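The structure appears below as structure tokens.
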Amino acid sequence: MVKELELSTNERELIISGLKEGIRLDGRGIDDFRSLKITLGPEYGRSEVKLGATKVLAKVSCEVARPYPERPNEGILTLNTELSPMAFTGLEPGRPSEEEVLVSRILEKAIKINRAVDVEGLCIVANELAWSIHVDVHFLDNDGNIIDAACIAAIAALSHFRRPDVTVIGEDVTIVFFIISNSKHPVDQRNPVPLSIHHTPICVTFAFFENGDLWVVDPSLKEEQIRRGDMIMAINNHKEICVLSKAGGIPLEMHTIIQCSKLAANKVDWVRERIQAALVNAAEVEKR
């Protein structure tokens, strides 16, 4: 488990008294996200997300593999997370922390289990060849809410990724690899192929304090240290709740959950607009 320095009693009381007035230490309102910056490239499938001072890097890669026997017509999607000692100073080496396990499970549920990516479109030859897509998520700096930052980075990287084109004629399989070049004449005229994405689930995290009447969205690290419970919602572009995770903590009233879900739907739209803007910007840079 990652061990962080505990806040003093005065710091705890200051945070709680501010929340009762609708003010947070960084000046945000209780329903405000921190600043969000998404950078894509230079290679396909690389995204860097800064949510306040929290920084996450996601990298998508692919290889040709044999599909699983129980799913012969589907490709493979794998998500890996790695916590860095740079971001988590109290990280115990040699075993995954509770935070890393939680992040991995949430991403698996939101992206893989909910089939955000069309894995059937990754099949090359049934039962013989398929694309295996790897999403590696690295945490570079932690100032709270690593789950939301990781989900945004993974979705942005998957949306930006391109795989080599494939031609199948009879029993012959030809994979056309591409080289990113600044020259006016590309090495191969065949464009790389984007992934087929069914929907884009985005995580929104809430932290709850005292008896649950006080809550914030996008908690900072200090807010996470004094929270008495949390709730994570993953909502896609169809306004469907893909994941609702509440691992212990204080019980919540139904009206609180409904209120949070409505706010989460609005925040997901806000995040998705920024992902789309980053994709447009990356496409413009590529054309130069």
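Note that the numbers count up from 1, one per residue, in the order the chain is shown.
Glycine residues also receive a Cβ, built from the backbone N, Cα and C atoms like all the rest.
As written in TrEMBL, here are the features:
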type: DOMAIN; residues: 33-164; note: domain 'Exoribonuclease phosphorolytic'
type: DOMAIN; residues: 199-266; note: domain 'Exoribonuclease phosphorolytic'
Residues of the domain 'Exoribonuclease phosphorolytic' (33-164) by DSSP state, where helix covers H, G and I: 34 helix, 50 strand, 48 coil
Secondary structure content, the domain 'Exoribonuclease phosphorolytic' (199-266) (per DSSP, counts of residues): 19 helix, 24 strand, 25 coil
